[in-house]
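Lifted from TrEMBL, the feature list:
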- A:295-316: transmembrane segment (TRANSMEM)
- A:336-354: transmembrane segment (TRANSMEM)
- A:386-405: transmembrane segment (TRANSMEM)
- A:417-440: transmembrane segment (TRANSMEM)
- A:482-491: compositional bias 'Basic and acidic residues' (COMPBIAS)
- A:482-507: region 'Disordered' (REGION)
- A:498-507: compositional bias 'Basic residues' (COMPBIAS)
Amino acid sequence: MFQKFFQRKRRGGDRDGVPCRSASHHLEKNVSYIEQALFPSDDVKKRALSFQGRKGILLYIESLTDQKVIQKNIIEPLTRNHSDELDHLFTSVELKRENDLEKGIAALLKGMCLYFLDGHKDFLVIGAKASYVRDISEPENEYVVRGPHNGFVEDLTHNLYAVRKLMESPNLRVRYMHIGRVTQTKVAILYLQDVANPRLIKEVERRLKDISADMLMSPGFIQEFMEDKTFSPFPQILITERPDRTVSNLMDGRVAIMADGDPTALIVPVTLFAFYQSVDDYHSRWMVGSFVRMIRLLSFLVAFQLPAFYIATVSFHPEILPVDLVFRLQGSISHVPFPPLLEVIFLELIFELLRESGIRLPSRVGQTIGIVGGLVIGDAIVRTGLVSYPTTIVVALTAIASFVVPSNEMSGAVRFLRFPLMFFAAMYGYYGISFGLMMISMHLCKLESFGTPYLAPLAPLRLKDMKDTFLRFPIWTLSQRPHDPHPKRMTQETVSRSWKRRDQRKK
Amino acid sequence: MTSEKSSISPVQMALFIIQTQIGVGILSLPSKVHMIAKGGGWISVLISGIVVQVLIFIMWALMKRFPNSTVYEISSQIFGNFLGKVVNFAYTGYFITVGVFVMVSFSDVLNRWMLPKTPRWAVLVLMVVAGIYLARGNIRMMARYYVLTSFLILLLILLVTYGFVDVDFTLMFPIQEAGWGNIVKASKDTFTAMYGFEMLLLIYPFVEGKSRGKLKAAFFANLFVTLSYTFTVFICLIAFNPEQLRLISEPVLYLIRRYQLYMVHRPDLIFINIWATTIIVTAASYYYAAATGLASLFGSRNHSKWVPYAVLCCFVVSLIPQTSSGMVKLSKFVDIAAYVFLHGLPLMLLVLSYLLKKKERGTA
Amino acid sequence: MKKGIAWISLFSMLLFLPGCWDQDDLKEARLVILYSMDRTSEGKIEQTAAIREVEPGEQQRIVDEIHSAVGLTERDSVNQLRKKTAGRVRHYDDLVYLIGKSLATSDIYPLLDVLYRDPKTAVYAKMAIVDGKAQDIFRIKKTGTFFIGQYLFEVLKNAENFSIISSPNTVESTFSKMLDPGKDFMIPLVKKTGEREVQVTGVAMFHGHRMTGRLHHDQAVLFNLLSGRYGKETRFARKVHPGNPDNPANYIVIQINRVKRKFKVATRPDGKVDVQLHAKLRAIAMEYPRNELENEKKIKKLNKTLSNMLTRESKEVIQKMQRARCDAFGVGRQLIAFHPEVWKRKKWSKDYPKVRFHTKVEVEIMGDDLLK
């Protein structure tokens, strides 16, 4: 409580540019203050460099700075000791004197180096930002229409840079770990100190530490080592390649896990609905965003229920359909030699085959596969009377619906689930579907991801969080964080539109 | 006993009770009630709702004296070890019997309306599997699922409301055609459809909050069930004429079969499937109750190991009554048992606990 | 791990053990779209069914196949029919259910009971009584692009719109009303009037379980208006000016847009029953060649002429209904509900004709819907 109060106050001071804490004469005090503020981020580095016999310390964040620049512009001049005056010594472009430690921290987070000299009341801020020139492309399976188009790359330092860039907060903590007895893969845990629940962080660390495999190939390995239940088709960890998605999840109080050599961030804990939220929802207008999200959630239902419903209707309860539709259907399916179940499974498997072969091939060959599969096989199979038109439509619809979800793992889960459902539908009709849906929903209720109910905020029901589940309310109404990761602070927005109230008052 | 992992909120408790109460009885309730109370049938439902309120109050008063124990623990505290075990055995038997009753009636309806040729065991196997899976989880998981599925109850009520399309209000008059005596008498039949509130005896110690809040939640649950039953019975009474109600056994389904919903020509099929979900949930409650009973009989603290045994018991027994006369016998037996276990024993326990001045010592 | 294997084996057992007991494949079903019941000369029941066949392929040509079979009961005749037809005959998509007049004058309860309580029949099929032999209607086969089942369905739907019969007119609604001791019902009466034509000539009045009389279609409309029910296109023509009946200028065609009715059943101490039946019809003129509707006085006169005319006609209708003992207004229901002690003393099929109706119809023309 006390600590929270202090932290908020410090943040407030930071924002308004009012100096909060001026540096002292003592070198150690200054350095330890900054280290305290960033504690325990392991990527904060310090190096002792003396100047004219006086003790001095250089501070920088490794992931944000360019080592070569530091060496050339800071360390070399210091060791050669050309000038008497400190200000003229460094050959860096950006150079400033500061005596507010808070500003120093902010500068540090921007990729500057800080140089403290014992006995001086101020310190130097020297620019040494890292500038990576590696190609940053938009993640292929998480395209957005609007919003940032950058993605993670294989280099961990760079990924951390991307996150830090979006969130210049001293409360962002990065913890390194080396996992894999042979590979010694560098894994970073990211979280917001003042928001994320300490119990969650402890739990993540505990599970990561427990991994004792020779090799760690993220993200699949980490996921299966850490997940609550592996005997489940549903992914309990969100995998994303987008820095903005990662940052917004960090802001909710979740924890991100990134490994070197892998362009993804694993985010825990997640709920089912997180998989159906796209960054796009927040970039478009809220009504449109809500509408699109509803369609996406509808696709979730369609994707695994439609074939089952089709089978149950056609082979158990055709009386439920209106007369015109019945005869239309009957005309198209009566010449098919297989029972509906076989027909649907047959076509679904062909579809899965096409999809799988399409992924592994270069895009041009992939297109050919699409044409051969979609047009040639699709048309021929109906014309020879092996499969009926309605079945083709059903399978095509489910295929489309299963790809709407902006997460590959979830899409896989949904595609897998329709098979058991189809079997039950073919045995018991609608009753079988009821049963299948019950089992799935019970399973979802039982699932937990790092202590968070998977179906939150639907079960357990929490109406307040519904604002950003099925619909996306305007952002200024979302003044509270979602409850499911149990964040330390709930408020994430106060009155951003107070200008409107002021306008009204004037009138 | 009440660890953090297994506590539920009063709202969850209310929905737990609602889900358990709304069960097989509702489909045939209008016919049953009309047979005795004629046009005043809906009043009988209200009356039995009031009776249930009183019973809930008695149970609450009992549970309040033992805020950390289920009925199984209370009985052994009051009756002593041996007699308590006997009582617990009886309670377990009762829960199993009700479970059997639910299963048999369910498969009966399903066989008549949707799956005429599917054998009973095949219908029940699905129910049993789902029931085991649900009842094995801790009470918090169950409660979560109950809250989730309670949306379906609203859907059911909505479907029933559609029945208003073709009604004749004169059909409910004269209200006291059968006389007040019969109206009160008919409330006894309604009582069968109201079973489920006895879950209070089992889940009370797991509920967070003050005892008054819990009482309120239980009252609210029963109020909701009573009102929705009254509403359903009322609609059926004004939608069907007396002869029809005499002829058909599940008026609610006939009511829904009457209209076509846009593309759906047979909404009753949809209704049955949604209803099936609530029935499976009801059965799961009884499985849970029976399994807890078995666990306490054998001195085990974890109920989930005993769920398969309890369910297997129910499953085997429910395959026995094949004829409709067997069904009638079963339902009569359940009725008598309900008097003992819902009216008699809780009251007796309460009185004894006052007389013997037994009360749970102040534990956390 | 062990648990997982247990679950998987349980599920696979579920998958392979049972067959599909209740499978009722649509592609094997032979769907009856129209069927009828007649009484043969030996007194048995003859069922005729039009089974719709859709030829496979993109064209989806439709063929109706017609079969008849004689049996002892409804279900028996269905069974006999199935011996003659290929595939599984299914009744869940019936559009229309016809009953021959010869059968309707005897008890139709057993025919409907089995339909009503079978979960796999279409209880929403429309009902009609055929004036003559129901089987004959099947010979029409096709009118224009409509097959006979569809054609009859549309004709009956129009009859509902024109208020010849009140909606819904289905197996379900008919059976429900049949069971009500305090209320009788009517079923539309159709007749084959040409080579390819069927007409709704009126309605058949029922008392209890059998047909006891008929109303002409104009009378049927009036009955429906008196009972407060009207379709979307309740229209009729009346001669309102004296003179040559062949001159269209002497006629008015009105459409009823709203009906307000008062229906009061009162009993006297001596057990006699009085019924006050007062209907207020709000109408617009659809066709009135004289164009006098701007004139207030003329409208009033028109209203009065129409009111008197319709009141007189209603009295005829009610007389006819009482003769047929058809209590379609539900006077008995009112007695049961509000005067149960009177009802208990009555033998309704005897006492209903003695009920005194005080009928009054008021017409109010609100203008016309023609362009000016």
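Every residue, even glycine, has its Cβ placed from backbone N, Cα and C.
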> Which stretch, A:295-316, A:336-354, A:386-405, tops the Cβ pairs under 8 Å count with the transmembrane segment (A:417-440)?
Replying inline: A:295-316
> Where else in the chain does the compositional bias 'Basic and acidic residues' (A:482-491) make close Cβ contacts, counting only residues six or more beyond its ends and a cut-off under 8 Å?
Replying inline: 4, 194-200, 252-254, 269, 271, 451-453, 456-457, 462, 464-465, 468
>> Under 8 Å between C-beta atoms and at least six residues away from its ends: which parts of the chain pack against the transmembrane segment (A:295-316)?
In response: 273, 276, 278, 329, 333, 339-341, 344, 348, 390-391, 394-395, 397-398, 400-402, 404-406, 411, 414-415, 417-418, 421-422, 424-426, 428-430, 432-433, 436-437, 470
> With DSSP helix as H/G/I and strand as E/B, how many residues of the compositional bias 'Basic residues' (A:498-507) fall in helix, strand and coil?
Replying inline: 9 helix, 0 strand, 1 coil
>> Using DSSP, what is the helix/strand/coil residue split across the compositional bias 'Basic and acidic residues' (A:482-491)?
In response: 0 helix, 1 strand, 9 coil
